[in-house]
Structure formats: C-alpha cells, structure tokens
Amino acid sequence: MKTLLLTLVVVTIVCLDLGYTLKCNKLPPIASKTCPAGKNLCYKMFMMSDLTIPVKRGCIDVCPKNSLLVKYVCCNTDRCN
C-alpha cells in the first residue's frame, strides 16, 4: 500500500510540473528549450540593419537595452519569441 501511495505522489509531481518552467525558442535551428531557474524571459535579438530576421533567440533574466547595432524584443510566455 505504501508503494502504491508513493507511486501516485511521484506521478502527480511529474505531471503537475511543480515550479513553472518557461519554454523559449532558440536559434539556430528553431527549436524550443526549457529555461533554467531565474531566467523568466524569452528574447529575440535583431541587428538594426535588418529587423526582419532574428539572429539569436533564447532565455534571459533581464531584457537588455537596445543599442545602435542591436535590438532586443523580450516576452514572458511559452515560445513567444
């Protein structure tokens, strides 16, 4: 009986995914990855010379400021980048 109860607890923890995990796209190639603890934003990085094609995607803790050469777009939902 204890084994059954322990099994149910383990299955519940695995299914509920205790501790929300954010999933962000990464580049290259486009695929998603689970962000580590503390990195709760997804980002896209563009070169200012071509704002149509992102050059980098991933997880980040703080959205960087844009510069003369690089623009960042950050968001906080799964695969939003």
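Just so you know, glycine gets a Cβ as well, placed from its N, Cα and C.
Values in this document were obtained by computation on a predicted structure and should not be read as measured data.
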Check Swiss-Prot and name the cysteine among C15, C42 that pairs with C24 in a disulfide.
C42
Please work out, from what Swiss-Prot records, which of C74, C75 forms the disulfide with C63.
C74
Hey, of the disulfide-bonded residues listed (C35, C42, C59, C63, C74), which one tops the CB count within 10 A?
C42
Within 10 Å of C35 (disulfide bond) (Cα-Cα), which of the disulfide-bonded residues C24, C42, C63, C74, C75, C80?
C24, C42
What's the CA-CA gap between C24 (disulfide bond) and C59 (disulfide bond) in angstrom, rounded?
6
